[in-house]
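Trainee: Reproduced below are the annotations present in Swiss-Prot:
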- 136: active site, proton acceptor (ACT_SITE)
- 23, 24, 25, 26, 27, 28, 29, 30, 31, 46: ATP binding site (BINDING)
- 309-325: compositional bias 'Low complexity' (COMPBIAS)
- 17-285: domain 'Protein kinase' (DOMAIN)
- 309-337: region 'Disordered' (REGION)
């Protein structure tokens, strides 16, 4: 966005949402913290220039409307045009899983990974029940809620989502093999790399890579160098295809390899058995004698930070509050989390 944040000091959208400060950015534009001047409530505002080459905010707002009411789907307050922007006003959420992973020194315990997996499978399943696939499953697009929703995981960013079947007839989109890669190469399914039309199986496979990213700290195809983006994607694809699932998941419970092998074995139109996948991880969770108490790795760190802050000055409190990295497209905000 060309204009400075200073010029938005008195920018009010939708008649009552006053922009406070920028809290994130992405390929589409910027995300701002805003306040509802009628009741003081904090919200998130997504701004997209009306001159954007590939506008997606209107499409995304329509998708959020279709998904409204689902657990872990942010509530949309307003969509419209203001000055030279398309504007989407929605719930303010907490940090992304990428932010939290960094905050936890890029280490998650098995307990945290399994509690997240349970919610992540359910969020993707809900989107699929509404006849859409997400097509950009990655840690940056899962955000924790704030306040009373601080243990609830939210799925965001539906700009790349696609309808995979007709609402009425349930007719599935046709199989094709001439597609460009949509989404993030690091977490893309093998079929997406091969140019095959994405379907439900691809969202689920991507989630498998996200879980292994959390387990391992990084994936074998990260950090590959190439002259062009196209060549880099090819290298990632080659490495992904040449890394057996058993090698990727070596040293971790067999359930992760079972999950990925199951997803890779799904047919194009086949509905994933979400309950089976949740149960895989739930049974493992119980076997490891964990308690489903919503105590995530960052819960402990936050408590320590709060205790340290309480024993130091007000300024110290500011310093101790984790801010996380403002990742691309992330509505990250640790305040009130």
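Each Cβ is built from the backbone N, Cα and C atoms, and glycine gets one as well.
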Trainee: Check the binding-site residues 23, 31 for other C-beta atoms within 10 angstroms of each C-beta and report the one with the most.
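Mentor: Checking each of 23, 31, the winner is 31.
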Trainee: Compile a sequence-ordered list of residues in the same chain as residue 136 (active site, proton acceptor), six or more apart from it, whose Cβ lies below 8 A from its Cβ; state 'none' when nothing qualifies.
Mentor: 157, 159, 160, 161, 182, 183, 184
Trainee: Judged by the number of other CB atoms within 10 angstroms, which among 25, 29 is the least packed of the binding-site residues?
Mentor: 25
